[in-house]
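Everything below concerns the one structure shown next.
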Amino acid sequence: MPSEGRCWETLQALRSSDKGRLCYYRDWLLRGEDVLEECMCLPKLSSYSGWVVEHVLPHMQENQPLSETSPSSTSASALDQPSFVPKSPDTSSAFSPASPATPNGTKGKDESQHTESMVLQSSRGIKVEGCIRMYELVHRMKGTEGLRQWQEEQERKVRALSEMASEQLKRFDEWKELKQHKEFQDLREVMEKSSREALGHQEKLKAEHRHRAKILNLKLREAEQQRVKQAEQERLRKEEGQVRLRALYALREEMLQLSQQLDASEQHKGLLKVDLAAFQTRGNQLCSLISGIIRASSESGYPTTESQAEAERALQEMRDLLMNLGQEITRACEDKRRQDEEEAQVKLQEAQMQQRPEAHKEPPAPSQGPGGKQNEDLQVKVQDITMQWYQQLQDASMQCVLTFEGLTNSKDSQAKKIKMDLQKAATIPVSQISTIAGSKLKEIFDKIHSLLSGKPVQSGGRSVSVTLNPQGLDFVQYKLAEKFVKQGEEEVASHHEAAFPIAVVASGIWELHPRVGDLILAHLHKKCPYSVPFYPTFKEGMALEDYQRMLGYQVKDSKVEQQDNFLKRMSGMIRLYAAIIQLRWPYGNRQEIHPHGLNHGWRWLAQILNMEPLSDVTATLLFDFLEVCGNALMKQYQVQFWKMLILIKEDYFPRIEAITSSGQMGSFIRLKQFLEKCLQHKDIPVPKGFLTSSFWRS
């Protein structure tokens, strides 16, 4: 409340006034003292009078002339000052007259004289005056002490303020540093954000660039693919054109041969009832037609399929023409023979007429297969040039055997040892051929090549060379070729993939040593006549076992091997042959042609299709040959090869099926499914086990 606040202010003001600072003794009544005792007693000097006289009065006398106030006023003013009487005995003793205030007796004498001259005042006034002086001194000392304490307090406050200011300055510096750090962080974040945005923009530009580059590469790739496709189409068109052109030349060659046969029929002109000139005129027209087609095709670039078809129709017409002429000649000859017989019947006697049918009766020519059944339809005549080639190879093989006959029949132990070492050196490396690594295959090839080149090789821990015997090279070549074929008969028959490493080594040796290749063919044709292709005929007087051996069957103790084993061996040798004609040694001279290339595979396939099929055998061999060599023939002959496959499907399959029994349909079904799958996908897969470029790096 306001009144209470004013009361407290009043009390505080009274306490701060001079009277409020007076000291009052409240326990005087308890001590039994009389209030008026001191007033009623006689005046007496205070115990402080000596000190006052000594210290205070001299100063008062000196300052009295200068003072403008009277003693009475001074006393009055002194009386008005608060009186403080210390109660401490120490203080009283300090101001007592007994304290040593007079150093000598002279001074004490002067003081006594001075004291005597002074007018004695009342004891209470002196006491009050002393108290006043004492109070002033105490007050002054207290003020000095308070000032000192105040100064110390102020210094303390100044130090505190200084420390506080220092702390505030530190806080300010910290705050400023924090602010700068925050600004730096903000600036750094802004810079990082800007950098990230720049990087993002850069990445975006890079992505756009990559996208555009990808699109451009795709376009370039598409353009390149289109160019390659067009180039491939152009190449195929040219190759097809060249094939058609070669076919046209072949047709013209055949046409000319037929024309020569037509001209050769002049000797029968007298027998014919028809006009031979009409046949010759039509033949000349057909020859001119084919020549005109070839001439027009040469001028326009390459012949078209229509031109080829027209030429084939002309050739077919020429064949029909020649066949009709042959029929006319045959008919005329029959008529002439009939006339001769009739004339002979008139001239000869009845006995001679009875003998004439026996003379004209043809002797039987039995043709029996391995089972003893007659198979006259299998006796298809092979082309003369093929039989000549077959016979030349067999003659060369026999001549080679005769050459080293002295070495094989020698009784000399040294010669026998040389023969055994040479045989091992020739056959063991062939047995070691495998698909383990290309480097291993190259070592085997180099060893065989060194042996055939007359260089010494290591075999069985000994050095062997064909120069150890004059007949050593012939012997090694024969045994090496025999071993290659035997590997096809045994190893390839069991593991079809083995055909390729064996074939590539055989092909490389064949290229460097052609005689070995001829001996390989001779051994192959002898063990597998279907690789010619050649179907041996059963001749009159021939033993059945000999005929079965000619067909390729193994006969031991008059027992013929099982059909499955026979087909397995034939399959292995055909697979080896199909691999040889398509493979070349990768380290050889690429500029030289293959010594026995794909053209022989085309020839084999064409000739096998021109012959009547054999039950179970033809289907098996065709499947093996096409599975191994079909991909290479497809790449080489392309359209013509596909035409041949269509021919097999449409014309040859019915012929095989017609002669195949229900128990032998497995091989035919396998061939049929393989061919239909190839025609459906328009591709022949790469055979399993084919040697790739990575194999030669292993």
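Note: Cβ is positioned from N, Cα and C throughout, glycine not excepted.
Between the listed ranges 1-29, 262-290, 552-580, 581-609, Swiss-Prot ties the annotation region 'Interaction with NUP155' to 1-29. Within its own chain, the region 'Interaction with NUPL2' (656-698) has Cβ neighbours under 8 Å at 377, 435, 437-439, 496-501, 504, 567, 583, 586, 613-616, 618-620, 622-623, 626-628, 630-631, 634, 642, 645-646, 648-649, counting only residues six or more beyond its boundaries.
On the 0 to 100 pLDDT scale, the model's mean across the region 'Interaction with NUP155' (1-29) is 68. Assigned with DSSP, the residues of the region 'Interaction with NUPL2' (656-698) fall into helix, strand and coil as follows: 28 helix, 0 strand, 15 coil.
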